Amino acid sequence: MSGGKYIDSEGLLYSAPIREQGNIYKPNNKSMADEMNEKQMYDAHTKEIDLVNRDPKHLNDDMVKIDFEDVIAEPEGTHSFDGIWKASFTTFTVTKYWFYRLLSALFGIPMALIWGIYFAILSFLHIWAVVPCIRSYLIEIQCISRIYSICIHTFCDPLFEAIGKIFSNVRIALQKEI
């Protein structure tokens, strides 16, 4: 079966699988081969960003959604004039909208630069310092853990086993007296 050529329904020629059920290197049918070839790596630097849904992972669902009703509320019986309430709503909403845009225009790029540098340093330290230190610690602690385990099995296990045997014959009988 190996080495033969097959023609699929579209008339395309492809090589036969190594064995009937296929393997990870050479799948047994064309659809599996197509699935394996479809997997592409996407570069994070060239992917397109969504300009409509700017919070696809919902990071700010609970914290930043502040509307007029979340900040200013008049209880029953204490209401201002309707025109004042509408003007206050419009003023709050427009001010928040444009001031956020102004702050984003002034500080958005510098803050993105600062946070990019910060997370680059954090990633660098995690990859090149933290994980190697933890791995080194785990390797070095194995020696101590073996010695500790031997000491526990030598001294503590017999002691606690003896204490367990002593108290294994203790019987308690409870009676309710009325």
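Each residue, glycine too, has its Cβ placed from N, Cα and C.
What Swiss-Prot lists as phosphoserine is S2 (among others).
Sequence annotations record features per position, and here Swiss-Prot assigns N-acetylserine to S2.
Annotated region 'Required for homooligomerization' per Swiss-Prot: 2-94, in sequence order, evidence recorded as similarity to another entry.
Residues or ranges marked as N6-acetyllysine by Swiss-Prot on the basis of similarity to another entry: K5.
Feature annotation from Swiss-Prot assigns ubiquitin cross-link to K5 (among others); the stated evidence is similarity to another entry.
Marked as phosphotyrosine by Swiss-Prot on the basis of similarity to another entry: Y6 (among others).
Residues or ranges marked as phosphoserine in Swiss-Prot: S9 (among others).
For Y14 (among others), the entry in Swiss-Prot reads phosphotyrosine, with the evidence type similarity to another entry.
Annotation comment: Swiss-Prot describes Y25 (among others) as phosphotyrosine, evidence class similarity to another entry.
Swiss-Prot lists K26 (among others) with the feature ubiquitin cross-link.
According to Swiss-Prot, the feature ubiquitin cross-link maps to K30 (among others), an assignment based on similarity to another entry.
The ubiquitin cross-link annotation in Swiss-Prot covers K39 (among others).
According to Swiss-Prot, the ubiquitin cross-link annotation covers K47 (among others). Within 10 Å of the C-beta atom of K47 (ubiquitin cross-link) sit 8 other C-beta atoms, taking all shown protein chains into account.
Secondary structure from DSSP puts K57 (ubiquitin cross-link) in coil. As annotated by Swiss-Prot, ubiquitin cross-link applies to K57 (among others).
Look at Swiss-Prot and you will find 131-142 (among others) tagged as region 'Interacts with SPRY1, SPRY2, SPRY3 and SPRY4'. In this model, the region 'Interacts with SPRY1, SPRY2, SPRY3 and SPRY4' (131-142) carries an average pLDDT of 94.
Annotation source Swiss-Prot lists region 'Interacts with SPRY1, SPRY2, and SPRY4' at 149-160.
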Other CB atoms, at most 10 A from the CB of K57 (ubiquitin cross-link): 7
Distance, K57 (ubiquitin cross-link) to K47 (ubiquitin cross-link) (CA atoms, angstrom): 16
